[in-house]
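Single-structure report; data block below.
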Amino acid sequence: MEGVEPDTVSILNLAPAVSRLEDIGCCKSIHGYVIRRSICGVVLNSLIDMYSKCGEVHLARRIFDRMQVMDDDVSWATMMAGYVQNGCYFEVLQLLDKMRYKNVKTNKVSVINALLAAAEMRDLERGVEVHNCALQMGILSDIVVATPVVSMYAKCGELKKAKELFLSLEGRDLVAWSAFLLALVQAGYPGEALSMFQEMQHEGLKPDKVILTILVSACAKSSNLRLGKSMHCYAIKADMESDTSTGTTLMSMYTRLELFTYAITLFNRMQNKDVVVWNTLINGFAKYGDPRLALEVLHRLQLSEIQPDSGTMVGLISACAILDYLDLGTCLHGSIEKRGFEFDIHSPVFALPSMCCYTAAGGGNRKKPR
DNA sequence: GTAGGGTTAG
């Protein structure tokens with residue numbers, strides 16, 4: 001960028017690139033340039049988006065609050081999207097109130113983000129309000145708007161309404177289907193999700209990675225191993241098995257259905273193992289298999305470059321509970337209280353599992369490993 | 001310029 005004076009157009013081009021890099025330093029230098037040149041107007045919307053995508057939503061809000069064009073509906077929608085991206089759902093609904101008060105018009109994007117926030121807040125009343133608003137605006141025929149409406153009803157416990165609405169939609173695509181199938185699984189109807197999947201196939205749609213993860217988790221939850229295996233075959237044929245998320249869900253299904261050899265094979269075959277992959281195996285052994293193996297996997301995790309997190313702890317603590325490893329359990333507990341879940345891999349806590357076979361409290365009558 | 005879907009554990 002040396003010697004080049006970026007103008008407004010350049011800022012519009014630069015901001016999305018910086019967002020992808022999530023480089024806060026770049027954000028600030030662009031922002032500084034904007035201030036020095038007294039650039040104002042709608043170009044600042046891209047700065048709101050940029051800061052939000054870099055996780056600095058309070059800085060985005062500062063720009064939003066200082067903007068002159070407070071009646072620009074895109075500014076409001078961008079700010080709302082920023083809050084959703086950062087999990088600040090309450091603030092989205094606050095903005096919605098303020099918009100109404102100031103008579104700013106709602107647009108498709110503000111409606112979508114208000115729906116997402118209402119869903120996460122489990123605020124059915126606000127959700128219905130925004131749904132009605134979408135109806136009045138005549139934008140409900142747009143699948144991009146209708147999909148979050150379906151999710152909102154499902155998350156607020158109105159599964160019947162969600163289903164009714166989903167089935168009335170025209171032009172259901174994979175995203176709409178995934179929202180609906182997930183709603184069924186999360187509401188505790190994995191079997192129904194699997195039968196609705198047949199319906200999806202009749203519409204000529206083929207599952208992508210996202211749908212596949214939902215379906216595999218549905219197979220696990222409904223103990224449908226036959227279908228689960230056929231999903232696995234599909235994943236292999238569609239070259240999705242090596243995908244970390246898909247592989248994780250498959251591993252989880254196999255541990256849940258106690259096919260540990262399958263899970264381990266998948267684990268060993270996986271190229272990019274993140275902490276979730278490790279946790280899945282640890283938790284799988286702890287909950288459905290031999291908890292001593294969970295501790296063994298932990299030992300291997302220590303030798304890798306991956307940092308354990310709170311999900312790792314969940315499996316370890318339950319393994320300690322089953323094995324009556326009171327000393328180790330107490331130690332982990334103390335460490336959690338003291339340091340939260342930010343563990344250093346070199347922490348002595350993580351050296352304990354390898355020697356805990358010598359310190360097992362024993363004597364308990366709880367479930368023992370086979 | 002802003003915009004709808006996912007996996008582990010609990």
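Backbone N, Cα and C atoms are what each Cβ position is placed from, and that goes for glycine too.
TrEMBL does not curate its annotations; it predicts them automatically.
Under DSSP, the residues of the repeat 'PPR' (A:72-106) split into helix, strand and coil as follows: 26 helix, 0 strand, 9 coil. What TrEMBL records for A:72-106 (among others) is repeat 'PPR'.
Regional average pLDDT for the repeat 'PPR' (A:173-207) in the model is 96. Residues or ranges marked as repeat 'PPR' by TrEMBL: A:173-207 (among others).
The feature repeat 'PPR' is assigned by TrEMBL to A:274-308 (among others).
Here the repeat 'PPR' (A:274-308) has, by DSSP, the following mix of helix, strand and coil residues: 27 helix, 0 strand, 8 coil.
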